[in-house]
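Before any comments, here is the structure.
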């Protein structure tokens, strides 16, 4: 429909926005003052005044670093971590004589770890740079003088440039619309990238510039635009254009925003006013809230704990060293002759023991640094990135219909997915499809539509009375093709049979209204001739499709008319009728209705209106309420069936009334004052009354596939589920029954403000009294609910609260009581919730319970909730990408949440928890041997290991197995994760990363270190090792002890792993083999480099049978305590995963009774879902049998 010249009209009459000349009063006077100082010289960006303004180019950068700032900023980020800063300090001290090892061996591990992390940062920033470059180098046509437009990169645009944007192109900057391919200078814009809305917005240029249709028209065009300064408000704009000494006000209707797309219009011309980071989309591009998992925050505490322990033992050792140093000289004899204190000035000077102790403290701080796992952070980052790849590649979470896989947009929260305690979910588009189907209607008091909804079928199952199958209906057309958006079956209406109905005239008006009262745009497929509709919402598309299927086909829209093919009741043929479109009174959340004013072919003026029943019935005329009661009854029935309803009404207007309205309406919409919307609403209020009721529509928003089953599994996993929706209470309740959040027999606690006293105060308009009474009513209802909750310990409760009540329940002095009630209920449904209320409820649950919260939604109205929750899940559905862009993980369907949490969440939580515990274990086992040797040598400050043995322990010999653990390990398979959802409670209760488990792993490290040290030293202390009868030296003892440590920590990993892969075998046994290879290679290097490790393996260790026997004996002896503990725990105190492993090995996995016993170990009883329903039925049957017996 784009293109083509049409008769010039004043399109400003159609929509409630300003579109032409208006007075320059009120806010126009602000221009030039503070906050309104922007001046753009259209088509003259090189003029002297423009150059003095010094506005930036259109280059946009979203990178964190650049070539100059990367090194300092990245280093600052790395050394903000206390562990890295500690290693930096010890690395600096390594260059002093205090160091117990060489400087190179101390610095290399730090360089590797910091370098790896910085490389990761650089790669991520490089990807952002590439995305920026792709956008900055896009091209657009720019006027270069003499009416010539040339392709120019976006980044070179300047304020004042005139650009030509063509169909399906993005706007390169914020533009003032000057003209378009339409005669009326209108265009259609898609703003999905800005606000997530997929519907098209209509924009129109000033009448003064609307005739600039050709490139040559801009040869002599000059204008000055004065407007507000750059800001983040997408929906407001104040400015003026000076053209040929005339001032014209500008409004949001002339503003085209960067990153929105031109649709259904061949081309537009625009003047650049905001560029680069001044554009509104970039002003809105704030960083999302920084989220860190609870495990990561706890890990920081562990690092501090280890640092405190390190300082403590270094201090104790230094005090002991000072005392021994003071006692070294006795009667002129040196006790510790091997330290040669007579040859030192400070370090071992018996005459200055205090100073010696202080210096020893610094040496000990360096020597004991191996208690701190230097590679922990970088290893976890690597593991998390690899985990997100597995999540993204999971074919079980791929939605073939929309071609959308799961997408983890951040790797910071992987383990948090395994600890979710409460899910807060949107309804429309999240639990439901947001794909509306016209299924029923009420016309002239008669209900039409014989189909049944999923909610009705669920209700029938509750009552035990199955519905008649739809295919039994006599009028169900067997061969009728499936039409998306239309699921209506009724022989009285379909196939033109409505003309025989008693109220055929009302039916005609009803479907004619549906075909006219909308803002949809028809698109004709040139190949097939089929018409599809681009509508603002799925509801509106369903209405237009329903009208078409009944015989009122909307096929063309111009700026002045709407054309239909209508079924003529008299002839039975389809005739063409065109309605002159005069005004569109748009829908908004305050008005809750939409109207159009048209002139029909007979010349009559008609007001056609559709809206919510809460606002429409009160606008009916006295003689227009003929079937009001029956319509209300039908609406209530439709709401009970989970359907969304709208009321349809109309009235005829006389010419005088319309002219008066149009004058007032035009004045209101041409206003640029702050109360413009109020003026428009006041004008529409006067004409949208005395309506004649036609009937009501009912559309079904179907549940997504697998939603009840998913909710059942999540409930079995001990996860509480709250639904926050903007729908009516009746609709929300019935959707709750359909998806098994509610069940028969569950007591409902309803909190509303529908009491007669509150309603009376609302009508009287006394706001203060109304607010006070409302708050008292809500508080009383919550208190009554708590009393009911406390009175029963066996029954399950559901809390249902509406938006008005929720506003008072969230006040500071009530919210804790409300939360206490909500947490005691099995299900919570918040109806009529605003986006802000959704975010506030999420914050309340998160901060008060201190448990992990997960919010899931699909629309722009869910963004606040997603960002407020610990984890935000975006559904990539029909409401744009705003929710996905604000989320941490994006999935295509709600049912994928089951696998995301119960499988990937559980695995990630277990892997990260085990990985961190193992890290601390292996570092304590290694570091404590250094401390024990220190104590053995009266804290001499000498390391038992070679410098490079120390440095490479965390980097090479023990790092890869722990990474493999974090990526591949599985306690149970995905099938068993789903078969036994209660396994997820390990994460909810944080059993695998509790202080008890962490400290037990640390204690295991202490035991391992003690056994390794004392067995090794005892074996070699008095044993002749060389042919001459000498005992072992420090180099041989260190190499032998180090070999035992490498074997023990790697074998500990082997017996801890539940699921072996080839990679894990390679990493575990390869780490041990790498140690021997290194020992051979390093020992072969000249002694100036290898120092005391020169040929230690070839000449000393390998030929000695005692070395091999000792290694085997120490490894087995060290692992026996852990093995014994694990066996006892498995036998007498098994965790959930241990029980499942046990029955899997016993072959009882298919034994229902055995599995039921295991499920009974669930800590939190299941109170919602299909399983809860079955449990209740079984309980009722048992009770009846017991009573009979």
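Glycine residues also receive a Cβ, built from the backbone N, Cα and C atoms like all the rest.
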Pick from 258-279, 280-301, 302-323: which range does TrEMBL record as transmembrane segment? 302-323
For which of the residue intervals 1036-1059, 1132-1155, 1156-1179 does TrEMBL record transmembrane segment? 1036-1059
Looking at the ranges 885-905, 948-968, which is given as transmembrane segment in TrEMBL? 948-968
Among ranges 354-378, 379-403, 404-428, 429-453, whichever one TrEMBL labels transmembrane segment: 354-378
Within 10 Å of the Cβ of residue 428 (Mg(2+) binding site), how many other Cβ atoms can you find? Include all protein chains, please. 25
Site diameter for ATP, Å, by largest Cα distance between 426, 427, 428, 540, 587, 610, 644, 725, 726, 727, 832, 838, 861, 862: 28
Roughly how many Å separate the Cα of residue 726 (ATP binding site) from that of residue 428 (Mg(2+) binding site), to the nearest whole number? 8
Using a Cβ cut-off of under 8 Å, list the residues of the same chain at least 6 residues beyond the transmembrane segment (1036-1059) that approach it. 914, 918, 921-922, 925-926, 929, 943-946, 949, 953, 957-958, 961-962, 965, 968-972, 1004, 1008, 1012-1013, 1015-1017, 1020, 1025, 1068-1069, 1071-1072, 1075, 1079, 1092-1093, 1096-1097, 1100-1101, 1107, 1110-1111, 1114-1115, 1118-1119, 1122-1123, 1126, 1137, 1141
Between the transmembrane segment (82-100) and the stretches 106-123, 919-936, 998-1016, 1066-1085, 1105-1128, work out which stretch tops the count of Cβ pairs under 8 Å. 106-123
Taking the Cα atoms as reference points, how far is residue 428 (Mg(2+) binding site) from residue 832 (ATP binding site) in Å? 12
If we check Cα distances from residue 832 (ATP binding site), which of the recorded positions 426, 858, 862 wins as closest? 426
Restricting to the same chain and to sequence separations of six or more, state which residues have a Cβ under 8 Å from that of residue 644 (ATP binding site). 436, 539, 698, 699, 700, 701, 727, 731
Structural state census, the domain 'P-type ATPase N-terminal' (43-104) (DSSP three-state): 29 helix, 0 strand, 33 coil
